[in-house]
Structure formats: C-alpha cells, structure tokens
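A.B. asks: Quick one: this structure, given as structure tokens, is what I'll be asking you about.
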Amino acid sequence: MGDRGSSRRRRTGSRPSSHGGGGPAAAEEEVRDAAAGPDVGAAGDAPAPAPNKDGDAGVGSGHWELRCHRLQDSLFSSDSGFSNYRGILNWCVVMLILSNARLFLENLIKYGILVDPIQVVSLFLKDPYSWPAPCLVIAANVFAVAAFQVEKRLAVGALTEQAGLLLHVANLATILCFPAAVVLLVESITPVGSLLALMAHTILFLKLFSYRDVNSWCRRARAKAASAGKKASSAAAPHTVSYPDNLTYRDLYYFLFAPTLCYELNFPRSPRIRKRFLLRRILEMLFFTQLQVGLIQQWMVPTIQNSMKPFKDMDYSRIIERLLKLAVPNHLIWLIFFYWLFHSCLNAVAELMQFGDREFYRDWWNSESVTYFWQNWNIPVHKWCIRHFYKPMLRRGSSKWMARTGVFLASAFFHEYLVSVPLRMFRLWAFTGMMAQIPLAWFVGRFFQGNYGNAAVWLSLIIGQPIAVLMYVHDYYVLNYEAPAAEA
C-alpha cells in the first residue's frame, strides 16, 4: 500500500468548485482520488496515516478514513478479472482423495484383499506346456523378412511394381488373418495372450504398410530424377542414408522395434542414453503395472461380477448404478494405462534405441472437441493415419469428410479385431463405439465450446468406455458360463 501522502503531491488550499473553472480536469481528478482511497480534508488537512506492516491503519490514530468503499466486482463475477482459483483446485483434489479413500476402505471391508499376482500368470498361459501366444509373436518375423525380400527385389528391378504390390497385399493380409485363425482354432490360447499376439501383428501390419509406402515413394523419386537426367544427391548431409542403401536387416529391425509406426530412411537420434532417465521410466513401468493389476483385481472385477444380475433381470436403474460405479475405476485405470504406455514404456524404448522424436502424445486433456482428442492422445497412430491413409485419400480426390470417415472406419475395424477375436465372439460393440465418434464429434463441435466442450469430451471418455466393457463382459459371461450350464 505504502504512504499515500509521499506518493502524491500534497494539495494545499481548497478544491476548485464544480461551478468554477475546474472543468473536466477537476472531475477526472476527483475520480482518481476516489479510486485511490481516502481523501484529504477540504482545507488541506494531512492525509490519513500510513498502514502498518499488516496493512491496517493504526488504531486510534485519528478519523481520517472517511471513505472505505470503491467501485469493484465480486471475485466470482466474470468482470472482476480474477483467475487464481488454486485453493479451490486443491480442495477438489482433497475431496477426490477422501471420497476414493472411502470407496477403497468400503471395498476392502466388503471383499477383503483380492490382489493375487500369481493369478495373473493364468491369464497368459492356460497350459504351461503350450505357449501359442509367444509362438505367434516369434512367427511374425516371417512376414517382416518377406516384406524385406520383396523390397530388395523391387529396388534392383527384379520385380515389377504391380507384382510387388500384389505380394505386399498378400503379405499384409496374411499378417492379420493368420493369427486370427490360430486364436479361433487353438483352444489352449487365452484371451489375454490372444490380445497381446494380435496387437503385435497389428503393429507389424501398420509398420510394414509404412515401410512399403516410403520405399515406393523413394523409387518414384529416383525414377523421376533419372528421367530428368539428374543425379541423386548422396552427399546431402553426413551420416545419412539414401535409397536403396536403407534396405538392410539392421535398418528394418531398428524400425520394427522403434516407438513409431511411420518409416523414415533417417530417424532423428539422441546423442546418448541417459541412464537416470531410463531407470526412472523402468521403475515407473514396474510400479504402474502392479498398480493396474491390483486395481483391476480389487476394484473392477467385483464390480463387473455384481453387474451381471441387473443385466440378466434388465433392471435399468441398477444397470445405470453399476455403470456409474464401474466408471470411476475404469477411468482411473485407463489414465494410469495412458501414462504407463505413452510416457513410461515408449520413452524407455526410445531411450534405449536413442530414438529422438519423443512426441508420443499432446495435451489431449485440454480437448474442447472430440476431433482434437483423437488427433492428440495417440500421436504414433495419428501420424500413421494422416501420412498413409488421410492424405492419400485426399490426393485421390476424396473429400475431407470422406477421408475422415475412412480413418474412423479403419480404426473401428482394428478396435473390433482386437476385442472380438480374442474373446471369440463378434458383437460389434467396439466397432459401433468408434463409428459413433463421428456424430458425437459433430454434436460436441456444434453445441459445445470452450470449457463445456472439454467437459463433454471428458464425459464421453468416463461413461463411454464402461458401457462397452459391460456389454462385452455380459455377452462373454452368457456365452461361456450360462449357455454351457443350460446345456448341461
């Protein structure tokens, strides 16, 4: 606050009358004085005493505080310009911790300790002498070698572009069909093991698709340069690789293990491996893996089991209650999974391989539209879709709406592929959920903006996923437990 008497030039004598020659300047001076605080006396009295170190004027020091009000808005009013709500945010965090602590204690009292790390092994192996899922992952190398051999022959002209395209299409189709057939036919493979094997083959499919596209672009550029009578610049930069020198097993397998789906001849590389950074990421991976397993066994499984009877009885009020009860642990586990995969795991792999591009996610939590969320929460997949699906469709004359719909259609197919095949049942809930993102994106973009749009995105994430989980669990329970019991 300070001493107002020393900060303003002291006025002596009386003020000019409003009927005198003061005019607008005098009026402006009165407004400034009123906003500044207490006024001096009409006859040039001394200003009010300076406040003490606590910001209050001395008690009993006089009666100079003739005015204590000024024109101002309440802090919660939008016109106040106040934006520091850190204390309220801390209060929300405290309330969230307390409410979830109560739920955790209630769960322990009701069910006891259900966490069993040994039980997790049975999710991956049904028969200790039969390991079909790891064998499927190892067999994926055959498809990688096949794609490499096709590219080697295309580079030297031993195959025509049409023959190479046909071989690549057959190889890519087999990558998706072969593991699905094994999962559906081999009884000893578990749903979790099937999911991991199919995810490995799906990632390989996307990587080899990109590998084929980029090498094809390089051949076109080389042919175009040759037809124009130009020589390819091989000395553009030191330590860079040009086509076809990139066609080596070392280059291929670096790409297959790198945390990206888009192939390049020269990836950005970090100068060294940071051991402390790598150790932190590995510890995070171990900790969050155990945390996710514990939350699923202790919190989600009992909730899902208790949701079967309301579904069977079609008790809609109880179904909604179970859905909301499942939404909290499901969303918490999904957030932990996001951090575990996109920050801990991918950064650990990138650090080991000195892979320089670490943009695996953007600020999707600030999404004010559904479209922004899908563009920023999974950057490796988003880059692949834009580079190898969206832009090629635009170049072939498709509209932006058609290209965007095509991207969601492909995403819906892979979501259904990764859920229905391991569960050995086809209900299209995942496919429908992904395709529903198109009208949802339009609805949120049309009727919600700013914070309301962000709240709508969060609501769709919190409620949408548990609906799909309950649908699949209910159908799986009916198919594998109720139907055999009824037949018996």
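Placement of Cβ uses the backbone N, Cα and C atoms for every residue, glycine included.
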A.B. asks: For the feature phosphoserine in Swiss-Prot, which residue out of SER7, SER18 does the record point to?
C.D. replies: SER18
A.B. asks: Hey, in Swiss-Prot are SER122 and PHE426 both on the same membrane side?
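C.D. replies: Checking Swiss-Prot: the two residues are co-localised relative to the membrane.
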A.B. asks: Taking every protein chain shown into account, which of the binding-site residues ASN376, ASN378 has the largest tally of Cβ atoms within 10 Å of its Cβ?
C.D. replies: ASN378
A.B. asks: Across the topological domain 'Cytoplasmic' (224-273), what are the DSSP residue counts per state (helix, strand, coil)?
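C.D. replies: Summed by class, the stretch gives 13 helix, 1 strand, 36 coil.
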A.B. asks: Please determine whether the transmembrane segment (131-156) and the transmembrane segment (192-223) are in contact (criterion: at least three Cβ-Cβ distances under 8 Å, sequence separation 6 or more).
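C.D. replies: Between the transmembrane segment (131-156) and the transmembrane segment (192-223), contact is present.
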A.B. asks: Could you please provide the mean pLDDT value for the topological domain 'Cytoplasmic' (157-161)?
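C.D. replies: Mean model confidence (pLDDT) across the topological domain 'Cytoplasmic' (157-161) is 91.
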A.B. asks: When you check the transmembrane segment (274-308) against the transmembrane segment (162-184), do you get at least 3 Cβ pairs under 8 Å, counting only pairs 6 or more apart in sequence?
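C.D. replies: No, the transmembrane segment (274-308) and the transmembrane segment (162-184) are not in contact.
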A.B. asks: Are there residues at least six beyond either end of the transmembrane segment (84-118) with Cβ under 8 Å to its Cβ atoms? List them, or say none.
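C.D. replies: Residues 290, 293-294, 297-299, 301-302, 328 contact the transmembrane segment (84-118) from elsewhere in the chain.
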